[in-house]
Each structure stands twice: as C-alpha cells, then as structure tokens.
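What TrEMBL says about this protein:
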{"type": "DOMAIN", "residues": "F:80-180", "note": "domain 'Fe2OG dioxygenase'"}
{"type": "BINDING", "residues": "F:His98, F:Asp100, F:His161", "note": "Fe cation binding site"}
{"type": "BINDING", "residues": "F:Arg171", "note": "2-oxoglutarate binding site"}
{"type": "REGION", "residues": "F:211-237", "note": "region 'Disordered'"}
{"type": "COMPBIAS", "residues": "F:211-226", "note": "compositional bias 'Low complexity'"}
{"type": "COMPBIAS", "residues": "F:227-237", "note": "compositional bias 'Polar residues'"}
Protein chains: 6
Amino acid sequence: MLHIIENLLDTAQLSQLTSILTHQHAQWQDGKLTAGISAQQQKNNWQLSRQDPSYQAMANLCLEALQQHPVFMSAALPKVIMPPLFSAYQLGQGYGMHVDNALQIHPDSKQLMRTDLSLTLFLNNPADYEGGELIISDEYGEHSIKLSAGDAVLYPSTSLHRVNTVTSGQRLAMVTWVQSLVRSDEQRQILHDLDVSHILLRQKLLATSDQAQSTQAQRTQAQRGQLSEQHSTDQQLTHQAIEKLNQSYHNLLRLWAES
Amino acid sequence: MLHIIENLLDTAQLSQLTSILTHQHAQWQDGKLTAGISAQQQKNNWQLSRQDPSYQAMANLCLEALQQHPVFMSAALPKVIMPPLFSAYQLGQGYGMHVDNALQIHPDSKQLMRTDLSLTLFLNNPADYEGGELIISDEYGEHSIKLSAGDAVLYPSTSLHRVNTVTSGQRLAMVTWVQSLVRSDEQRQILHDLDVSHILLRQKLLATSDQAQSTQAQRTQAQRGQLSEQHSTDQQLTHQAIEKLNQSYHNLLRLWAES
Amino acid sequence: MLHIIENLLDTAQLSQLTSILTHQHAQWQDGKLTAGISAQQQKNNWQLSRQDPSYQAMANLCLEALQQHPVFMSAALPKVIMPPLFSAYQLGQGYGMHVDNALQIHPDSKQLMRTDLSLTLFLNNPADYEGGELIISDEYGEHSIKLSAGDAVLYPSTSLHRVNTVTSGQRLAMVTWVQSLVRSDEQRQILHDLDVSHILLRQKLLATSDQAQSTQAQRTQAQRGQLSEQHSTDQQLTHQAIEKLNQSYHNLLRLWAES
Amino acid sequence: MLHIIENLLDTAQLSQLTSILTHQHAQWQDGKLTAGISAQQQKNNWQLSRQDPSYQAMANLCLEALQQHPVFMSAALPKVIMPPLFSAYQLGQGYGMHVDNALQIHPDSKQLMRTDLSLTLFLNNPADYEGGELIISDEYGEHSIKLSAGDAVLYPSTSLHRVNTVTSGQRLAMVTWVQSLVRSDEQRQILHDLDVSHILLRQKLLATSDQAQSTQAQRTQAQRGQLSEQHSTDQQLTHQAIEKLNQSYHNLLRLWAES
Amino acid sequence: MLHIIENLLDTAQLSQLTSILTHQHAQWQDGKLTAGISAQQQKNNWQLSRQDPSYQAMANLCLEALQQHPVFMSAALPKVIMPPLFSAYQLGQGYGMHVDNALQIHPDSKQLMRTDLSLTLFLNNPADYEGGELIISDEYGEHSIKLSAGDAVLYPSTSLHRVNTVTSGQRLAMVTWVQSLVRSDEQRQILHDLDVSHILLRQKLLATSDQAQSTQAQRTQAQRGQLSEQHSTDQQLTHQAIEKLNQSYHNLLRLWAES
Amino acid sequence: MLHIIENLLDTAQLSQLTSILTHQHAQWQDGKLTAGISAQQQKNNWQLSRQDPSYQAMANLCLEALQQHPVFMSAALPKVIMPPLFSAYQLGQGYGMHVDNALQIHPDSKQLMRTDLSLTLFLNNPADYEGGELIISDEYGEHSIKLSAGDAVLYPSTSLHRVNTVTSGQRLAMVTWVQSLVRSDEQRQILHDLDVSHILLRQKLLATSDQAQSTQAQRTQAQRGQLSEQHSTDQQLTHQAIEKLNQSYHNLLRLWAES
C-alpha cells in the first residue's frame, strides 16, 4: 500500500536543506557506492557524503520530522529508520528498475536492519525539473509519483521501482528505509485503518456529546431530565465501544509487533 | 475467554427437551462410551443414545438455536459444530478433572474435527439439583459455573475442567464442541471485540443522525442550512470510519479464517 | 497485486454468452439479493438468476476457461472458485464503494468459502458503453479498469472497490471469487514470480542447448570434443539449478498451501 | 525426519500381495503415467493399474494396516492418505533424482491434497534383488534404504530422492503419500517425541505403582501406613504431571492441526 | 492465564521497601505522568519518582527477586522487564478500567518494548487497607485479586483491568511489565506446563531410583541380580523419555522464542 | 539439514591455532563449566579458557573466516554468532548424547541468544586420533562426521548429538552456535536453494551471453543482424527472469528475517 505523507517539511526547512545541497561545497559522491550488486549497474545519481559537515544536522531534521508526523508513524510503525540519503539527479541521470536489498547494515549501530518500507521525500518542486518521476511497478501498470516539495511517498520495499531519467533541471530528494515493528504489509494496513477509524470516531463522539449538551440548553428542565438519562446510557455504551476499539488496536499490535 | 450465551432456548423449547429426557423410555447409555482414554476413568454420567428416536429432532433444535444466536456466532465463528450430547448426572455422579481430546471423529461425516471450543447448555434450573457445577480451572483458582435453564457457557477446550458430583436432584445438560474458523482464542477474541464495537457504533451513528434531524426541525431555515452542510460532512466522515471498521473486520477474518 | 488475465474467452465464446444475456427471456433479478448488509445499499445492477435455464452451461464455460488459463492458475492457485455471477449495468446503474464479505456460502456445497481474490471478466467492449469502470481504491488514488471483451482482472478481495455509474449503453460482465490454496497475497505473489522465472529459464535453457548443438556442427571434430565436454558439465549444472528452482517452488507451496 | 515403520504387514499379508503382483494376469502399466512433468523423464518402472480387479482389496489392506500402526499414526498424523501405488522395478529399471509434486489430485475425491510425507513399503526381501535402494539425499550425503519385506520408510516429501537401478531380480513395493494434520515437519517431530515420552512414562508410572504395592506387602503394618501416605501424595503429583503432559500434547495438536 | 508468584520478597525486604515508601521524604508524583492517553483520565494514584535517591536500589532489589524466582522465570520467560513503578493509593484513590499500551519506551535503553505481561507485587497486607483490589475483567465476570505482602500476580497485558478505590488505609504496590521471549499466551502456557511436568517427573524418577536401590538391599543376591537387570533397562527407557521431554521443551522454545 | 563448510581455514591458519592449543601454557578448563544441567553429566572434555591470552585473537580469526565463507553465510544467515569454544578430547574423553540449550547468554553482550544452528570446525586431521566422531542422531540411524582439518559441519541445534570417546590421539575442534535471521530450518533451506540457483544461473547467463558473442564473430554480417535482434530479446527476457529470482529471494528474506 502506498501512503502519501503530506507536509513532512515546511518551507523554512526546505529552504535550509536545498541551500545546503545546492551550495558549491556540498560533498557529493557517486550513488553506486551505496548500491547492492544487482542495483549497482542501474544507479546513476549523486549522493551527499555522510562526511559532509552539514549531513548530520540535515539527517536529524528529517528524522525528527518523520517521528512527529502522525500519518507516517501510524502507517509505518517504525522500529528503525535508516539515516537518510540525500540525492541529486542531474541532466541525463536516473535509476533503472531494481528491488531494494532485504537487509542493510545500519551505518551507526552496524546492526542488520530489514527494509520493510522505502520512503522518498521530494525536496524541490515538480516545476523545477522534467523527468525524475519515481515509478513503482506492478503487473497492472505503473504508478508515477512526482510530489510537491515537502511531501513524501512511503511504499513497500518489496516492489520493483525506478527513477526516470531527468531531462531538464535537477531533482533533489531524500530517501530512507524503515524496518517496521510489524513486518507484514497486510497487517500494517489493518492496524492503520483501525487507528484512523478509532481516532475519528473518538473525536466525533466527543463533538456529538458537546453538541447534545448545547442543544439541551434550549429544552425545558423536564425534557432535559428524561433525555439526559437516556443520553448518558447511550454515551456510556458508545464510550465503551470506543475503548474496545482502542483495546483491539493495542492487542493486535501486541500480536504482531516485533520488538 | 469464557462467554455466557443467554437465552439460547426459550421455555417452550426447554419443556420439550426435558420432557423427552425425563420420559421413562429415553434410551440412556453410560457416558464412558464416548470418552477418550484419559477421560474414561473420570467420567460418571448418563448420555442419551444417538439411536434414541427423539435424538435427531432434539439435536437439530439445539443446532439451529446456536446458529441463530448472534453472540454465539460472533464469539465462536463456527466451522463445524459436533452433534450435541444430552447428559444426565444423577445422585453421586460427576466428571473428574480432564482435558478434551484435541481431535474427534464427527459421527456423521466421519471426518476428524478439531475441538477449539466446548459448550455446556444447562437444561434445568440450579434449584433442581445440588452440586453439578461446571468447574473450569486455572492457576489462580477455579471458575464455578451453574446457569439458568436455557443459558450456555462457551469456553476454550484447552482448559482443564470437571463437573462436581451431584448431591441431590438431577442435572440435565447438552454439551457440544466447535471447530472454529479461527483457531486461536486470542484472534477470535479480537474479532469478537471488533464486531461488537462495529455494530454498536453503527447503530449509534444512525440514532444520532435521526436525532439530529428532529432537532433541526426546531431551528430557523437559515440555521438549518448552515448546520446541515457541516453535519453532512461530519456524517460522511463518520460513515467512512464505520465502513473502515467493517473492512478491517472482514480483512482480519480473511487473514485468520481457515475455510 | 492486480493481474490482468488476457483472452480468457475467445470471440465465439463471447458471442455465445452475450447472445444469451441480451435475449429477451434472460431471467434477470435485482443484484441486491446477493449483497451483504453493508454492500446492499451500494449495489444497483441486474444479475442473471441461477435458475435461468442457460445459467449452468454459461457458468461451466467460464469455470473451464479459468481452469485452463495458465496465468490465472499460477497467480490465483485456486482451491475453490465460486459459481460465476453474470451482471448487467444499464443506464444509471452502478455499485458504490464497498468491501466484499470475507466469507460466502458456496451455493452448491453449502460450505463457507473465504474470498481471497475477486475477478471481473468483461463480456462486452469498452466502446459499447460509457462509464462502468471498475475502480479499485488505494490511498495514492484509484486504479480505473475497463478491459476488452474476453479479458479479466484478478485482484485481492481486501480492497475497497466500486463500479462507476453507466452513462450510456450497457455493461455486461461476469464476476466471481476465489478461495486460494495460499491465503496471503504476499506469499502468492512470490510463488507466481518464481513460477514465471522457472518456466522461462527452463525454456531458455533448452533453447540454448539446441542452439549450442547446431553451432557445434560447424566446428572441427577436435574443437567439438573439447567444447562438448565443458558444455556438458555446464549443462548439467544449469539443469540442476533449474531442478532446484522447481524443488523450491514445490517446497514453498507445501509450506503455504491449505488443502 | 525419517521414520522406519516396522512390521506394517505380516507374512500372510505379504504372500497375498506378492502372489497377486507376480500373477501373470496382473495389469501393469508404465509408471510415467502418474509422474509430474519434471519427474516423467526420470521414472522407469511398472505400476499396477488401478483398474486391476485385485487393486482395491490390496489398497484397502495397506490403508488399514497403516491406520492400525501406532508409530505411523503418531509420526504422520494423517489427514488424507493417497490410494497406494504398487510398483515393480525390473532389470535395468530405476527412478532418477526428483522431488514429488506439492499437490496431487486424489483419484477418488478429486480434491487436491498436499504431499507432506512420502512412504515406501517394501514388499519383497533385500535378498530378492540387487540395486533398487531408495536414496534420500541431503547435502551431507545420501541415506540408502532397503528394508525387509513388510517394513516401510516414512520421510518428508520435501526431499530429493531416487531409486537405484535394479541390477538383478525384481523389486516390489507400495508407495503412497500423506497429507498430515500438521504441515510442518518440525512441529510433527515435537508432537511425536511428546507422544512417545507420555506413553512410556504413563506405563512406567503404573508399573512403579504396582511394584511399590507388592514391595509393601513385605513390610510391617506401621511401616506401611507411613510410607503409604507419602507414596500416595507422590503418586498423585506424578499422576498430575502425566496428565499435564497429556494436556500439553492435545493443546499443541489444537494449535497446529489443520482439520 | 493468571499466575500467582508467591513469596517474591521476604519480610526483611518488604520492611526495607515499605519504610522507604512511607518515609516523609519519599518523592511522590502524580501517576497520570506515566499513563497513556486513554488511561490518563482513569488513573488516580501516587508514584515514586524515578529520581528519588532510593529508587534505583529498590528497583534492583525487585528485579533480582524476579530473576531468581523459578515460577516467574518459567511462566514469564522474560526478554525485557521494565524498571518497576512503586505506587501508593490513598483514601479515595483508584484506577478505572483500562488496557495497558502495547508498546512502551524503556526509560534506560530508550528502546520500544512490547508489554506482553503485567505484574503487580503487593507490598503491604490486605489487612492494612480496604478496597484496592486489582480487578481483572473477562466476560464471565471479574477476578478480584488482593494478595499478602510479598506475593505478586502475573497476567496478560491484553486484559482490561482496574484498581478499586481505596476506602481506608493505604495500598502500596510495585507494578511492572514484561516483554516475553514468547509472545503468545497460549504458547507460553504450554511451555510452562511442559517445564513443570518435566521437572517433577525428573525428580520423581531419581527418587524412585533411590528407593528401588534401598528396597533391593533387603532381597537375596539372586533376586537382586534378576531384578537389577530388568530395572536397569526400565530406568534407561524412563531416562530417555525424560531426556526427550527436555529436548521437546527446548525445541519448542527454539520454535517460539524471539531473541 | 546438514551442511559441510569446506576450507573454512587454510593450512597456515590451522597451524597457528593448533600450535597455540598444544602449547604447554594453554589455559584449559573442564568442559562441564559451560554445559547446561542436562548436558553436564554427559560432557567430558577440555576447553580453552576465554581468559587465555591467545583466546581473543583465535576467536576473531574463526569469526572472520565464517563471515567470509559464502556457503556458511548463505546457509546460516547469521544474526549472532557465539564466541567460539576451543575444545580438546584426550584419551577416554567424549560427550554423551545431549541436546543443546535453546537459549544461551552471550558472554559479551549478556543478551540471550537462540541457538538455531551448531557448528563444529575440525582443527586436526582424522588420522591424528581414533574415535572422536561427531554423531548426529535421527530415527533412521546416525550420521557419523569426522572431517579434514579446516572443514566444518553446520547442523540444526534441535538434533540429539554426541562425540564418541577418543581411543587414541587427541581431537582438537572449535564449536560455536548461530542465531539465524531465519529461525525455521525449512525456510532457511529454501532460501539457500534459491540463492544457489540464482547465482549459478546468473553466471551461466553471462557465460552464454559471451559465448554467443564470440560465436557470432564467425558469421556473416547479415546473419549477425538477424540473430542479434532475436538474441537480444531472448537475453532481455532471461535477464528479467534472473532479476525476478533475485527479487523473490529478497522478498522471501523480508518475509522471514527477524532483525
């Protein structure tokens, strides 16, 4: 399942990142250096060196933005997020069809991590370059993804995907991988659906409760007494149903989370 | 998880069953005949022969009652229900601590079935006999269960359990086993919780929707227009959340149901 | 994962089906009759009655076509295929967003079956009607599917989907559901990928082997001797690798198939 | 895990089978007729036609012998046993290295069955032919199996195996496949180990209990009273431990059995 | 499954803890500070600050006691134990019905841990306060738990539970959570049952072996010779059965342990 | 599944290790110190102390050799490798039948690790001692393993195994345990089979591609053009099939790897 994560970075944050990336002293290196054997011959782009003095601050900014974005957290249920890679595709560059390696070595902890989800954050706008679409392939056809600066796409690392050749301008992006607490895409999707429903219904329930109270203020006291009692039992049942949703969500998470 | 299934049979159905069971020509046999090796020496009761001319009608009555009871269906998710056994415990009879066999041969299809859940339906009232409690054991202590005529208890067949010796009167009961579509007790409980929440919230939503409409009738037209629009978007979001709950329930069932 | 099953029916078979469906005595009934509670209010179409005298022959024709189509068999790994439903959407008809029930009762065996996969076979051409697209929804957007007569789409029953309102002409289709031997979409996809690779590489290997032999005929005898020996060891290793692929496929199927 | 099933047939049963198989009117056919595509070119033997008038009686004799053999039942936990194939390997015949198909169509029920376990029952003695060993391969080397008439080997169908070319005499055997209630070889092995331990310890406990009683007869009454009480508590604890083993076995079976 | 862990702390340890907790300088804070969103409004108690100078020593004392208690270790199979929380419920305080969060951040390692099991250790005696029962709820009714000082209850974190309002005196307790090596309650229970049976039968076997030897001393040498041989084979078989139990336990643990 | 890991150490490395182990100052200790309760009475050998000044260098040498051996890496998929134990069996020493503990504490990280696989590396040659075979037992009989110096055997820790008594000379070996990323032996075997096939077919494809090019050099230009085009499509399809194998391998690894 694809998820679009909107507004992961705001305009100020984007400016900060792009000014560093387009600065003349940015330390770029050949993207092939971090590609697996099968992907190596497909990959043709630049990546910011992790030794670049600005790298760590940029990486932290992105990681914090991810950890504070409720849609990302609910849809990805991250256990580990890889340190981001900042990439630039210039005229004629692209990345042929490939599948990401199942396991990567985390550069800090030196532990193997499993790549359950891939994420691409677009750092400049579609108007700034031609080509450069992220193409995620399935048998029916191909999803073509080119988002506004600050938006990201999160998708299962099991898919074949590529980046179209850039035919004008320059494409700036951040990519990273997530090892999820919940390995299966099918299970993660059910959890995300339940989470979204639970939150929306909890809000709606509270709204209804407030609205009911203001409506009541216009009634006679006798009407109020009768309605209030019935309303209170209703509210209690609804409240219990919402709590049961919450319990179901947490018990599913217990059943599925590898921690 | 234990579930109490209330009012599985009504008074008329109970009279019909008990008058057959207490009739002088009822064909009883020793309960040991249907016990596994380990249970055989623990079991001391009477069971109605499946050759008794009334057996089949009685069995059908019980099976239909089970299949029409929404709590039983939601909590048990039955794939196969064994033909019921009708038992009588008379003065001094009981059933020592035992565990039910994991697999039994279905007497009609001759197929092996897995006993995921056990069910005892009480056919006469607690006042009619002393002793005869169904005791379900765990390390903390013991659940003692003795229900009104027509009520049943559904519990995991993994537990150790026994029937206390009857010290006066006679205890009449129907027992059966269920192979569930969903083998795991933990998974079945989550599905049941979701099902209960989903149904309650759907009803509540419709009630709220009707109430909101009647409240609106008392407002000016201008107020109505404005509120109506906002209300309609709210209703739509709530409706989508309820549908997502339904989708989550069915997708969990797909993930877990053996069919 | 979506799969397009091409040329499931040929022109003759399509003519046969559509002439029955458009005959004045075809016995249509309201599609709501076979919809679950949640889908009922969304569904607005006609379905051919299973009592229609032509129904059984039409159903058999479609079931046999499915069972003989290698892509369908490899991608769906069917354990049970539901008897097809033939539907007509006329001007103004459609089917709102819904999720298919996880379990359905098979009309012949009366057994519950799990709906892992849904299939729509288009019986007339896109030019014959406007609207009527099958829309399969995910968060990124919506897949819109409208195929040539004789082609089908196979997709996971876990998805939300709908049929757009027909705005001119009439849309004829056959729909059915599959309970797969392999419940998980992720697992089924890996099996299908392996199956496709295995068959292609086996064919390629044989072709290479033949080509190598004809190439050899043009060489001197001495060259031939030497090359032949090396070639023979190569061929043997390749052959073993292909057999191991076959073994891996069958052992994965053993691991995952519910039978 | 390999299991040797000893004395599956007795001398009288073996005579009955071999006299039919070596009778001049036995209806043999080419073994390739029942081989999958990959196995077909490896297979070179004769098989008794299922249309042979003696076939059904022979098959029943073997199936009943299997169902009454406690080691087979405990180690295989059969859900379905395929109708046996009776095969003859004559001078120069054999069966090259192959893997059995994961799924086969049961000739009676027409249902797909999963081949979890393969079984070869040797119908004549090793002295009656040279060659003809069943070779089951793993990376360390190869198990070579040639058993006395009446003995059988049960082994996982996941393995690569072959039958060595017969270089004198004739090899008669019965082969069949089992779909187990418990799909995983690892799980089935744990269940078999527990079953064997449970039965042996239960027998040992009863023996100890008898022996203790006879020993006691030689003691003074005072000694007896004291020892008896301590013994009785010990016996009770041991009995409970044995019952818990039984419960663990059945609860593991519940967890793993597909029924 | 509930487990009562008896005598986790002895009288001296309890005195040490309670004297710190009831000391005037103990640093208490509002329990809401460590509650999840859903639990926050239910929780009304005091908790000792982790910054209290005595906290670490108290926590270590409890963690060590847990790690040395054989019933706790066998029933919980702990992978991670959360640092304990020490709580006080004073007059009018309690904790409404809630479910514990599935994931918590370990305060030392900052890693997410899964809460499979919850534990409450009672630090003062039931006579010291009224109310304050821990109520663990299931559909049949409610388990009410109020243990002697030094005893603890271990129960699945999937359950709904609450603490009744204290109506006199003060309730002191330690609570913590366990991420188990074995996530599923059903699996953990089978392992615990096997472990208990294995240890008891191993002890019994050795006892029998000793007893048999002393009995033998009273027999003639000839009797001894004969019995001894038979006994030795019996002992060997029993010993093998006990070893197989041990192997089964370890192989189940291998199958299920997340490490 | 057993795997023989050949040439794990070369002659120079072996000399280095054995000269340390046979040096008079090597710090040996009784092997019982590192045995579990059940294994303790079976174990009779010497082990080099981890405090021996040469220990760490020797351990590192072995761990690096393992991590660079492609067969070991592919077959074991190690997540954690235990620090090696160096053992010596002298005249009359051996290790009775036992099963390794499922969980061990890693001496460096103090974390529990699961022992999925056991490895024995032979440090001197079979000619240097009599007896000392590693015997891995299954019901069919016993695998007897005694390898050349520098070779190792990798086998599932679930098996019962022993070391025969040494009857002359001295047996030097290194043993260790692996917690695999993939817990199940059945799954690991499928991954290894796929990996081996994938690598062999990829090499073969490239070889074929080169050979085809050199063959072509001998043809006329017209022939070349025509063949080249067809060849290029063939190559592309084969290349895609090989890539799909790679994708299947990585997606299976994602499905199964605990990281």
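Backbone N, Cα and C atoms are what each Cβ position is placed from, and that goes for glycine too.
Not measured: the values here are computed from a predicted model.
In terms of C-alpha distance, the listed binding-site residues F:His98, F:Asp100, F:His161 place F:His161 closest to the residue listed as '2-oxoglutarate binding site'. Neighbour counts of Cβ atoms within 10 Å were compared for the binding-site residues F:Asp100, F:His161, and the top value is held by F:Asp100. Counting other C-beta atoms within 10 Å of each candidate's C-beta, the binding-site residues F:His98, F:Arg171 are led by F:Arg171. Per DSSP, the domain 'Fe2OG dioxygenase' (F:80-180) is made up of 3 helix, 60 strand, 38 coil. Other than F:His98, F:Asp100, F:His161, the residues of this chain whose Cβ falls within 8 Å of the Cβ centroid of the Fe cation site are, in sequence order, F:Ala39, F:Tyr95, F:Met97, F:Val99, F:Ser118, F:Ser157, F:Ser159, F:Leu160, F:Arg162.
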